[in-house]
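Notes follow the structure.
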Amino acid sequence: KSSLSPPFCCPHCRKRVSFEEYISCCSPCLHALVSRNHKGCDLMEQPTAWENQTNNHWVRKRTMGRKTSKKHAGVNTDHTVESVSGGNADDNNRSHKDKKTTHVPQTSFLRKQIDPETAKYFAEIANAIEGTEIDPEERSVICGNALEETRGKEAELATDYIISHTLQTLLEGCSLDHLCSFLQSCAKNFSHIAADRSGSHVVETALKSLSFQLQDNENHSLIEHALKKICKAIVVNPVDIMCNCHGSHVLRSLLCLFKGVPLEEFHSTKSSVGLAERLNLKAPHAKDNVSLQSVQIFPSLLKKFISEMLNAASEDISKLQMNQYSSLVLQTVLKLLAGNEQELLHLIRVLLGSSAGSANAGNLLEGITIRNILRLVEETAYSHLMEAILEFAPETLYNELLTKVFRKSLFRMSSHHCANFVVQALASHAKSQDHMDLIWEELGTKFRDLFEMGKSGVVVSVLAATQRLHSNEHECCQAIAAAVCTGDEFPKCIVPRILFLENFFCSRDKSNWSWPHGTKIHVVGSLILQSIFRLPSELIQVYVTSITSLEEHHVLEASKDPSGSRVIESFLNSNISGKQKRKLVAKLRGHFGELSVHPFGSFTVEKCFTTSNLNLRETIVSEMLPLQSELSKSKQGPYLLRKLDIDGFARQPDQWKLRQASQQSALKEFYATFGPKETKSFEKEESFLADTISKSKPGKLKDIRKEIETTLASAKTSNTPFLAHQVSKKVKRSKDEKKRHRKDGESESKRKKIKV
């Protein structure tokens with residue numbers, strides 16, 4: 001009582017302070033101030049308006065960063081970002097509930113004030129185990145005994161800003177029995193703890209520690225029992241925890257634990273990974289699908305928990321669709337169910353708003369309001385959710401979404417700042433050429449409009465889809481060229497305008513537009529050209545003419561740009577003739593030394609060397625020779641010095657030329673022996689292997705690879721090594737030949753005798 005009467009006494013630092021000092025003190029003191037309104041010293045979990053403002057002030061001033069340890073760095077970092085970015089957004093949404101919702105309302109959570117003795121005890125525990133080297137067994141005993149002291153007070157301690165740090169350390173060092181016991185004790189107030197800024201970190205630390213215990217199969221039954229108890233507490237009212245920024249993160253970690261996948265795998269997703277998949281730069285979910293399907297820890301518990309959670313929230317689906325935090329939970333659920341077609345089909349139909357008994361064969365979306373979906377895709381949270389739905393939807397459901405919902409609305413969606421990402425997902429996950437034809441029918445003639453609206457991402461997604469499905473490739477290349485360049489300047493201006501896509505379409509006088517010196521090359525324009533140069537050479541001749549018509553200083557400037565250098569490299573890696581490639585390389589003559597010490601130009605120099613003939617190679621190395629000392633200090637320089645053998649050229653130029661010529665002839669012979677038949681005949685001008693490799697079709701290389709694999713498999717079935725198998729064949733052949741020679745010799749001697 002004395003701590004609640006003026007002058008105020010801080011329950012943590014035990015200092016007597018005035019009211020103004022009390023407010024400006026550490027944020028946990030604010031919770032103690034609220035308790036003055038309650039005789040029983042109970043604290044409301046939900047802060048008042050002035051408390052939110054003060055907390056946000058201290059979040060900005062002190063960043064309120066959670067402790068970061070090497071073992072748990074992935075969880076805490078992401079959590080801090082979420083809490084700062086939108087901590088109370090869900091509270092505002094909660095005030096506008098639909099009157100028709102009938103889910104159980106979240107009761108007020110009364111949190112008791114921590115008594116000074118308990119605070120002092122955990123402070124001593126923290127001093128004893130943090131920053132000191134203790135025997136692991138002794139540390140486990142100390143952590144277990146300390147966790148036993150939390151029994152009955154888990155919610156108060158876990159949601160305390162200072163003591164929650166100590167609890168995280170205890171949960172990292174305790175035994176499995178104490179860990180599961182703590183989680184079971186938290187089940188009663190689990191939703192309140194998980195939705196708290198400090199408590200959520202405590203729960204995630206416990207789940208992280210559980211994930212390390214899953215390696216031992218004997219622990220699964222004990223862990224499963226604790227998780228079932230937590231699930232029962234969550235499904236009572238899952239909506240509030242799903243729509244909370246902290247609770248959403250905890251739920252995603254829990255779902256990942258059920259599946260047995262790393263907790264950080266879904267929390268630290270990079271946009272570059274999805275972009276690489278959309279542009280065919282990475283196989284779609286090649287690694288992820290293996291990891292998700294090969295590990296099954298609690299598959300039945302995962303499916304049951306998802307089903308019960310959706311059933312409990314069935315009347316609040318509209319709220320879950322619009323909330324950014326619940327959208328993240330639903331996206332994680334979709335990814336975890338990848339490969340389970342029936343579960344995915346049911347889940348997606350529920351998320352789209354379909355009733356359970358409305359599905360018929362070939363009519364899975366019956367009863368869904370199409371206008372409602374088209375309206376929702378213009379919302380940020382729902383557009384992200386729809387992208388995940390299109391990514392993991394079975395082909396039958398994808399087909400109905402495209403033909404019944406989005407058809408004849410693609411261009412209107414493409415012009416919207418949120419819905420255009422749904423169109424990109426539609427193109428990226430098209431299943432067949434028929435799907436691509438429908439998309440092309442609506443968007444193929446609208447490329448210029450999309451460029452002018454700044455929606456170039458839609459164009460590059462369509463281009464990548466045509467390349468992946470081998471449908472409308474040539475038409476797509478022609479449409480892009482026509483969108484950026486027409487009239488007398490065609491095709492010379494195609495590549496420059498795509499490189500500076502945004503600059504060109506923002507200019508008022510497009511007819512007099514010229515290369516903007518000192519301006520960064522547009523990233524999406526660079527990606528478009530990289531995708532185009534992966535197509536067959538007969539489809540992209542206008543682009544080849546355009547890039548080889550660039551001025552020398554333009555090629556040099558592009559080679560120094562991070563996006564432009566990749567375009568040059570993709571052109572040199574393409575299946576275009578070596579003569580055309582060397583025409584571009586020759587424009588950099590006199591600048592190879594300058595580029596070799598440049599962080600981006602050094603990669604271009606390497607590609608130029610691989611593409612060039614012997615004379616150009618000699619020119620490149622001779623220009624780099626005076627810069628050996630600078631190259632040795634740069635990042636890429638030592639690699640270039642070794643690969644180009646610059647030191648060898650400096651000592652013995654003639655010997656260097658002989659080595660280059662011998663390497664060339666050896667590579668020619670190797671590729672003539674093992675490469676496709678149509679590339680075995682080399683022209684005299686096509687000097688290097690890069691040209692012949694680029695001409696080979698990937699399908700024929702796959703046939704060669706299959707032939708080698710079958711040969712290896714036959715060698716394995718015969719229980720003999722591959723080389724021994726080949727040697728035995730040669731020995732048999734030699735024996736057969738000797739027998740044949742003997743027989744021939746005997747027959748000839750008989751003939752001679754007969755003649756005599």
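Cβ from N, Cα, C; glycine included.
What TrEMBL annotates here:
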COMPBIAS  64-73  compositional bias 'Basic residues'
COMPBIAS  727-742  compositional bias 'Basic residues'
DOMAIN    81-467  domain 'PUM-HD'
REGION    64-105  region 'Disordered'
REGION    717-756  region 'Disordered'
REPEAT    549-586  repeat 'Pumilio'
REPEAT    587-622  repeat 'Pumilio'
Intrachain neighbours beyond the repeat 'Pumilio' (587-622), with Cβ under 8 angstroms and 6 or more residues off its ends: 550-552, 555-556, 559-562, 565, 568-569, 572-573, 578, 581, 630-631, 634-637, 640, 643-646, 649, 653, 656-657, 660-661, 664, 685, 687-688, 690-691
Which whole number is the mean pLDDT over the repeat 'Pumilio' (587-622)? 93
Secondary structure split (DSSP) over the repeat 'Pumilio' (549-586) reads 29 helix, 0 strand, 9 coil
